[in-house]
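Peer 1: One structure coming up, written as structure tokens, with questions to follow.
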Amino acid sequence: MSTSDSPREGGWVAAAIGPALILLLLTAYIPIIYALTLAFYNKTAFNPDMDFVGLKNFFWLLKRDDLWAALGKSIVFTLGSVGFQLAFGLFFGLLLNEAIRGRAIMRSLVILPYLLPTIVIGLVFRWILNPEFGVVNQILLSWGVVERPINFFGGLDVAMTSIIVTTGWQYGSFAVLLILARLQSINPRLYEAARSCGAGTWRCFVDVTLPNLRTTLLLIALLRGIWMFNKFDLIWIITKGGPLQATETLPIYVYKIAFQDFNFGRAAAGCFVMFVILLVVSLIYFKYFNPTKEIEVNR
Amino acid sequence: MSVGLTLEHVTKTFSQGAKSINAVDDLSLEIGPGEFFTFVGASGCGKTTTLRMIAGLESVSSGRILFDKEDVTGIPTQGRDIGMVFQDIALFPYMSIRENIGYSLKVARVPKKEIDERVERTAELLSISDKLAMKPVQLSGGQQQRVAIGRAIVREPKVLLLDEPLSALDARLRTEMRSEILRLHRRINSTIIYVTHDQVEAMTMSSRIAVMEGGKAVQVDQPRSVFRYPARESVATFIGTPAMNVWDASLEGPTDAPRLSWSGVSVPISREDAQALSGLTTVRLGARPQALKLVPADEALLEATLSLKEPLGLEDECHLQVADGLELRLVGRVPDSVAEGSLVHVNIDPSDFCVFHPETGEVLRHGLNKEQIKTI
Amino acid sequence: MTKKTELPGVFRQLKTSRRSVLRSSAYLGLGLAAPSIISRAAWAQDAKKITFVSEESNPKAQAVYDKINADFEAETGISVTMEYPGFENIAQRVATLIASGTPAELVWYGAGSAMEVALQGQLADVSDLVTDLGIPDNLRLVVDGADRSVATSQQFVYGWYRSDLYDEAGLDPYADWDSYLAVSEKLNNPPAMYGNIVPSAQSGASHLLMETMMQKNDAHWFKMGDDGEYEVYLDQGDNMGKVVETLEFLNKAHKFAPEGSNYSWGDLMSQYFTGRVANSYYVGARLLEQTMSNAPDLAPLTKPISLPAKATDNYYLSVQGFHVGKGSNEDGAKQYVKFFMNHPAYIEWLHSVPLHIIPAKQEVLNSEAYMDNDVIQQRMDVLEFLDSIWGKGRAPYYWDGDKLNKYVGLYQNDSLGGWMLAAMNIGGQDAESVVKEAADKIREKMSDL
């Protein structure tokens, strides 16, 4: 294609993509830029004027122990949840890829959690994991697994795990779908080739299934990693960051700065910090595992 | 190192709903150690299914498969010590050539150093030593197939199974690889079981071939014998290019002077031949295109019009139109002076005739007695 | 616990982003409202029209509004336009109207929310109405020397207990902290039954318990300094001892309670009516209402009781009322307030949740008209109980002194009392360090202002 070297052609190009570009800028980037610039202003409910304060909000924020605690929680939550989703996705993806009875129904069912509104999932899990009336505790008690009901979302030591499992359950189906789609496109001849070389089930998994899933798994890890790092709604609905600060991840912490302390400038600085963390992690990720380079030729 | 194989009443039944078909039907045969044994047949004849059962990739519905004296019917593929090459090559795309070839050794936990040595030796054998660091996508189809073969032979398996390994390649490469595989067979000396739909491959490479039809091996023999003494009309027309000419002929005349007639040609046959055909009024008569000779008019058995001449190089393939519409093929040296549309005279040596049963297709005679046949 | 419950009283507004919303959303609202400013401005000057923004979401109560509005228009010729933005959005709506120069004539919601608007000089002086209507002193809201709120109703914070369990165990109802702990221990039989409930989370329900029990122990968040300004008192002198004592008391009580690390308002009720706790508490009689509909057998056995006293028998008071926008049709608004409070249907409005919405004046509570209601007739004991504790409630902004304490939001907005309970009961932190940390948090926020 020739470049738009003639002015007339350039004009056409501008006319063609201009409106879309402006719309994109208005809808996507201006709010982001606005939110990020807010981080450099003192903007509270008591201070209707926005005073430029430079890096003051950042200095305040970075000195907070709460921030670093929340960052730690975020890392645990993100790794835990994404790990759970990948494990969930692999397990059910492999299961549903086998010729088992009722596979078609199972495949439709597995997408269900993904279709449910988060509020529903939050309430349902609070209900089934409730220490007093929850069905899970009833079962654990009647089987004698535990002597006293477990306060899944209220126990300091179990709340994070419970949240991880809940989000993992909700979004695991996303991983199942992607993994299943990839599994179905693996050339069955590769498995036969591996077996003819003496590979058993485990080696087939390691040498055929996993390498073929590599791109998919990396993609899920990146996408879900970003989504989970920013996850707010489900945690807020279920625990609001509690008990104490056991599930207070960065988004919850930033939300509290914004809507409990009503300090938008600092909250924006918190968002900025999150943005930078994600940016850095993404850059590292793309440097080491470039999913687009992973496109394979399967004959 | 190499083993012999025994297939005992091997049957594979596929069922779809209420219907079930026997893809392989009560197949019994023996393959000797070190043999180059080929299953050949049209698609759907059961040849690939048979190979896959030998590999353990397909379960056996009934019957047994033995490697030497060991029953392997219930042993999974990975326990059978085989090497296999697939029609679609199926290299591991994410592994280097070195890793692909050495894969079976890695699985067998062979020490790294030994793997390297054996991979390099194998690569040398296949002339791909310079490709070891590459990924499969960087190689041409023929090179990829060599890698696939290397992967299959590197651990010197008891049996090497090749499932139409050349069909993904272009014609020239196919010929080249054919001789390559043959050379390889001599070098590694392991039992090779080869599946192809291409009778030329079967003929040129194998020590013995099994011609498959409807799940049965209709003829198992050396290629030359199968060519010369086809057991059935279908084998006769399948093996050899161009296909054998086969046409209807009627059996006429009194018992003491029997004759075979077709297209205005009538030839006397010996009493012995007639005896073999007794009870029949018509038969299927066959002659290979190579058996048809252009002769002077006085030596001719029949005359025909040359309708088409396809030069093959030294020889030509000629389409001949006999009086009542019978069309015959002839392969041989045809003088340039004989042009399309001209009348030619053809003779067939009686010993080159095959006679088949009109209904069952089974062979009744390989060659007719010479002295009884007279020219027109 | 998934049952949707309305948040009670002051907390309803505290939970929403009230301060932020006041100013910042005003700018947003200004933009959105711009096209209608001109017409609304003209409307605002119209003496024959008033706009009434109410937090009410109960259809029964809304029907009463319609009835009173019709009568009001018939008598005065002033038409009333109702807006029901809901408790989540009302603060933002009020701010938007103010920012667009067309303040609502009337806003009915919690006095705590109104305080924020009043502090910004946006509420009209309604002292005359307060005097005329005889609103009790403890329901008033005085900012800049004038009343800014006309209380219509209130909610008391008090306990509810299972009289059957007390009878079975031969126990008398608790009165003070020691007897409270004693009965809670006696009735505690986990996991089937717990003696009481002590939510220990950064939630409104939890904070309210802490703040109420601090009142009982005469413990304070702030103290009026020599300069006439409030200063943090939580960790100062004897007061700190009282706060620590309160925290330790609730820590002991928590040992006879289910682990309330994530409890909120709904759990106070659901834990009770599912028969898992012998004692609970709430802001008003909604707990009784919920028990009647969810566990009818338990309802007659459910008795009200003052939360255990220590140094005082005060309790947390939640007040709702009318607020008149400054610069609006103030005269029309005041006429309406008077008309509403004297209308016979005012009683009907109070009955929309019987016994939960307590009238502003004690004589109304004891009037035959108020008692003329099935639920109240059934539970005259509750009415008598309310009568007996009348006047002892303290709104949080008047707890620490006679002058309005405008800093209450600093510890209420993020439920600091709840955090204190969580830190000690769940986190195992000792009471003194919790109190110090809490005081530091408030100070830090003050220095930010």
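From the backbone N, Cα and C atoms, a Cβ is placed for every residue, glycine too.
Straight out of TrEMBL:
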TRANSMEM  A:12-41  transmembrane segment
DOMAIN    A:71-285  domain 'ABC transmembrane type-1'
TRANSMEM  A:75-96  transmembrane segment
TRANSMEM  A:108-129  transmembrane segment
TRANSMEM  A:158-181  transmembrane segment
TRANSMEM  A:217-238  transmembrane segment
TRANSMEM  A:267-286  transmembrane segment
Peer 1: Which sequence-distant residues neighbour the transmembrane segment (A:12-41)? Criterion: at least 6 residues beyond either end, Cβ under 8 Å.
Peer 2: 4, 50-55, 57-58, 264-265, 268-269, 271-272, 275
Peer 1: Would you mind listing the long-range same-chain contacts of the transmembrane segment (A:158-181), meaning Cβ under 8 Å and 6+ residues beyond its ends?
Peer 2: 73, 76-77, 80-81, 84-86, 88-90, 92-94, 96-97, 107, 110-114, 116, 118, 121-122, 125, 129, 150-152, 213, 216-217, 219-220, 224, 227-228, 231, 234-235, 238-239, 242-243, 246-247
Peer 1: Residue list, the transmembrane segment (A:217-238) vs rest of chain: Cβ under 8 Å, 6 or more residues beyond ends.
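Peer 2: Contacts with the transmembrane segment (A:217-238): 74, 77-78, 81-82, 85-86, 89-90, 118-119, 121-123, 125-126, 153, 163, 166-167, 170-171, 174-175, 178-179, 210, 247, 249-252, 255, 274, 277-278, 281-282, 285, 289, 291, 294.
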Peer 1: Quickly jot the same-chain residues contacting the transmembrane segment (A:267-286) by Cβ under 8 Å, restricted to those at least six beyond its ends, or write none.
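Peer 2: For the transmembrane segment (A:267-286), the sequence-distant neighbours (Cβ-Cβ under 8 Å, at least 6 residues beyond its ends) are 35-39, 41, 43, 57-58, 60-62, 67, 71, 222, 225-226, 229-230, 250-251, 253-255, 257-258.
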